[in-house]
């Protein structure tokens, strides 16, 4: 990049920031401050190891106890209220598109892309509720609304609904879970080194959903678009065909619009927001099952149960976006009882927490925007690599050779190297105050943020 864009204000960015697995070769010895942070992470990891046995044991309560703690009105589905959320989201999406098209400014477009991509994600969540039957008690209404919402964002409604049902029925099961299930050690070792690094390096995890729709998760066969896929029972073939036709109709509409108005307007109004939506979906769904500072168990065989698998899920806080994407962060109770409407999940979670006890892990509070989740994601990609081939209660293990010494470097090093581009970290750190506005920004904002989120402390 420096050779191609030497006049750019970002010419100091090194190619090392593009290929994270090459950081090891350029890394310099970490400053003493960094060593202290690394030691703190090791202490947290050691404490987490001590808690594994407790979290992997069967809980003393039954799923009926959790159900009984939730008020009866939380189970009531109000189709009018559900439809009001659909209307709200559709109006916001239309207003954003009209405003962006009218203003047509490169100052406005990035804001539009982020906002509209988030709204696409909100629409997906409502279609997700239709798939669970928590939208209403009317199956016809659920399927009609679900097809309209999901087809509009290029998701095959029934194909995804059925695979997601499989995910809920087998959550936390190493062998039977459907999405974001861990690699076994044998499968991991069979991957070539480049494939491993790509799998655990951004942006792979943020664009995985379209690949999953086409070919499912690694190690599984089938497609969400083909009625003959092993995902589906013979009596579900008609549903899958209907959803594939709806998806194809939406794709054809986009191609026609591109032919009439040109591909650039369609890309600006729809394509980029769709990519943002995919990033939202992958980030949220991954972090609901990964990234906690305590290692959470995965199960096989007789050790697995619906309750124990559901208790491995995590709630997340998304700041003021919670209400925009319909409280999808209340994930534990949703996984145990997917029939509860999204607008009752917060109350249901509060009622269930006394029963769940230590098996409920309080989510880290977010600021207005959930930027802290990117630090959690990066940390998970560094340490959650595979699970053992043996044992009925297993935990994620790390491959210390995957990134070499980078496994033991701090996020502060990475941030400084990204900003200044060169390998001599000590001199860059010492001279940071004399490096202009980017350096001041790094010291005041980037470094404290990385310190906070790269090595989170356990809650007491």
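Cβ from N, Cα, C; glycine included.
Residues or ranges marked as domain 'Fatty acid desaturase N-terminal' in TrEMBL: 30-97. The domain 'Fatty acid desaturase' annotation in TrEMBL covers 106-360. What TrEMBL records for 85-103, 240-262, 269-287 is transmembrane segment.
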### Query
For the transmembrane segment (269-287), what are the same-chain contacts with Cβ under 8 Å, counting residues 6+ beyond its ends?
97, 100-101, 112-114, 116-121, 124, 153-154, 179-180, 203, 205-210, 254, 314, 316, 325, 328-329, 373, 376-377, 380
### Task
Report, as numbers and ranges, which residues of the same chain sit near the transmembrane segment (240-262): CB under 8 Å and 6 or more residues beyond its ends.
147, 150-152, 154-160, 162, 224-227, 229, 232, 270
### Task
Restricting attention to the domain 'Fatty acid desaturase N-terminal' (30-97), give the mean pLDDT.
78
